[in-house]
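> Pasting a structure here, questions to come.
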Amino acid sequence: MTQVYNFSSGPAMLPVEVLRRAEQELCNWHGLGTSVMEISHRSKEFIEVAQQSEQDLRDLLKIPSNYKVLFCHGGARAQFAALPLNLLGDKTTADYIDGGYWAHSAITEAQKYCTPNTIDVKTSVDGLLGIKPMKEWQLSDDAAYVHYCPNETIDGVAIDELPDFGDKVVIGDYSSTILSGPLDVSRFGVIYAGAQKNIGPAGLTLVIVREDLLGKARREVPSILDYTVLAENDSMFNTPPTFAWYLSGLVFKWLKEQGGLVEMHKRNQAKAELLYATIDKSDFYRSRVALANRSWMNVPFQLADPALDKVFLSEAEAIGLQALKGHRVVGGMRASIYNAMPLAGVKTLTDFMVDFERRHG
């Protein structure tokens, strides 16, 4: 059977070791004779899963003790609403950094609950997309918080700078980059991430919230989105997505076994450098992102002749390179190379790209 590499932007590739372990345990988990999908979320067996997965995540990210970790429903889009409902307090505005599609989506949702101060930081120089440096962001004085997305999956635009905005409450949508390398959690009031890229399967959302920000939710916030309610109930106010939680816990263990986030950072850098080098040394492939803002997780690229796009995708699929079609907004190709994608997968892709150019260039 041909080795398959899944370059989907999400739901994304999961580590094969995790999938194999889940397969082995699926019908008889821990000798119980049942699946982990079938046991009560309030059973001592699942509570052990929940507690261990949180501890492994805390170890990986070195999460300070004054932060709560919440395992939530609803995807990152639910957090677009949860954030203003939980954090505005008596204020009516928040700073929203507009760096691309997902940042703008958060702004659109926030408009239902407050008056966002939208700060457009996108740049385009010589046809290359980029982001203004943080020192040029014009933040307001009275905002409840500052929200930004450090990695835009559609355009492949990244913000590698870490925020240093004094005592401002900073919110980061880390859906596509969390666990791809070390992260100083203490710089943020809230970090949130949908699971389906670097954490686990779709259906789970991670929220890391500083404790002093709890207790400020509006009266009308739905209980399932209230950070204080979720924290007080250990993320079990209602039945959580237990199988997604279990699988995410296996991913956390896998990351620790691989050497942690410093090691993942090295691997991700090597993968991205190989792919970008293949693009840059060719006139056949093109990147539309400025060097300073290229994503390590999502690499869009275009062919010089778009008429060859369908041929490229068809031939790639035939040799096991799946889900390379770019987002409809951008077109072309996109390779998402999250933690679970091995260097061998990227090497197979770049070898194919070189051969495709030789035959069609």
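The count begins at 1 with the first shown residue.
Each residue, glycine too, has its Cβ placed from N, Cα and C.
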> ALA76, ARG77, TRP102, THR153, ASP173, ASN238, THR239 bind pyridoxal 5'-phosphate according to Swiss-Prot; which of GLN51, GLN52, GLN196 goes with them?
GLN196
> Counting other Cβ atoms within 10 Å, pick out the least crowded of the binding-site residues SER9, THR153, GLN196, ASN238.
ASN238
> As a test of the contact definition, list every same-chain residue at least 6 positions from ASP173 (pyridoxal 5'-phosphate binding site) whose Cβ is closer than 8 Å to its Cβ.
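In sequence order, the residues whose Cβ lies under 8 Å from that of ASP173 (pyridoxal 5'-phosphate binding site) (at least 6 apart) are ALA76, GLN79, TRP102, ALA103, ALA106, HIS147, TYR148, CYS149, PRO150, TYR192, ALA193.
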> Near ARG42 (L-glutamate binding site), which recorded positions out of ARG77, THR153, GLN196, LYS197 have their CA within 10 Å?
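Close recorded positions: none.
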> I need the least crowded one of these recorded positions (ARG42, ARG77, LYS197), counting other C-beta atoms within 10 angstroms of each C-beta.
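Among the recorded positions ARG42, ARG77, LYS197, the lowest count of other Cβ atoms within 10 Å belongs to ARG42.
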